[in-house]
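A quick write-up on the structure given underneath.
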Amino acid sequence: APHPQVAGSTQRLRGGLEQHLGRLSEVLAPRADYLQTLKFLQQLAATVILQLSGLPPWHGVSAQLTALAARAAYVEYYRWLAYLLFFILVLAVCLLGCLGLAKRSRCLLTVMLCCGLLTLVLSWASMALDTAAAVGTSDFCVAPDKFIMNQTESEISVAHYYLYCEQSLSNPFQQALTVLQRSLTTMQIQTQGLIQFALPLFPMAEKDLLGVQQLLNASETSLHQLTAMLDCRGLHKDYLDALIGICYDGVEGLLYLVLFSLLVAASFSTIICATPRAWKHLAGRDRDYDDMDEEDPFNPQARRIAAHNPARGQLRSFCSYSSSLGSQSSLHPPAQTISNAPVSEYM
């Protein structure tokens, strides 16, 4: 399908000229020379319509590019969301592991180990996808012009013109645009001649002649807009910007994602390998605590119990001290009574 602007100009020119020239043929019928001019205008209008219809149907290409851009934006949004959730999962697993080590909880460490295995699988899958995308994009960026030329073999001259946009290259639309410009200029001259010479003789033809002139002016304005649209400079600049975005920023971003996935995979591999050792260490410390005597003053558990129950500890120590005094008094024999009698009595 042609571009909407070209299709609209063609439709207006065909429908409007047919109506105006048909009525002018009836009004100017007494003059054969004026009828000849009207036939010449019809031939020029047919040439203009033929040239406009012969332009390549780039509207379908632009629609495909628009759909491709929308699909790429859709995929990029969900890729960003997936990586955000993956990053949140990594942080959650790390916090869970720290909490499990701080609390010495086997349950938390078990959950962390399961989530770590899932994260490890996701990180390796992410690294594989990012590496494949980076390699494919790099292959495209080695020779993007050649790839596009191979995809547009039917219009290779047009693709070459827009891809390189050099001054030495000729515009493939230049011939059609030149014919259009000359045809419209000739039609303007013929219409101006009819307005100048036929209008004084046939005043009823004023409305249709002015209508033809307005149509030609609108068609000439559309032709200038079409010439600007078909120029290679604007599209070539957009093409270079797209290549820079894909081949530099895009590949660099993919490499950063590959590095991130690799670091996550290495970190969680280390964590998963170190978790059994931490498990054994915690189990060994629990057994050491179970083997300790609760009344040992150097036992950390006894210290914690004494710290939580200071009154009970003081009471117990006081009772122990009292009982020890009682036991000591029971062990020693009673002291002998000292008599105040003089020694001579015993003598």
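Backbone N, Cα and C define each Cβ position, glycine as well.
What TrEMBL says about a protein is an automatic prediction, not a curated fact.
Checking the ranges 279-301, 302-324, 325-347 against TrEMBL, the region 'Disordered' annotation falls on 325-347.
Within its own chain, the transmembrane segment (108-129) is flanked in space by residues 83, 86, 89-90, 92-93, 96-97, 99-101, 257-258, 261-262, 264-265, 268-269, 271-272, 275, 278-279, which lie at least six positions past its ends and keep a Cβ under 8 Å from the stretch.
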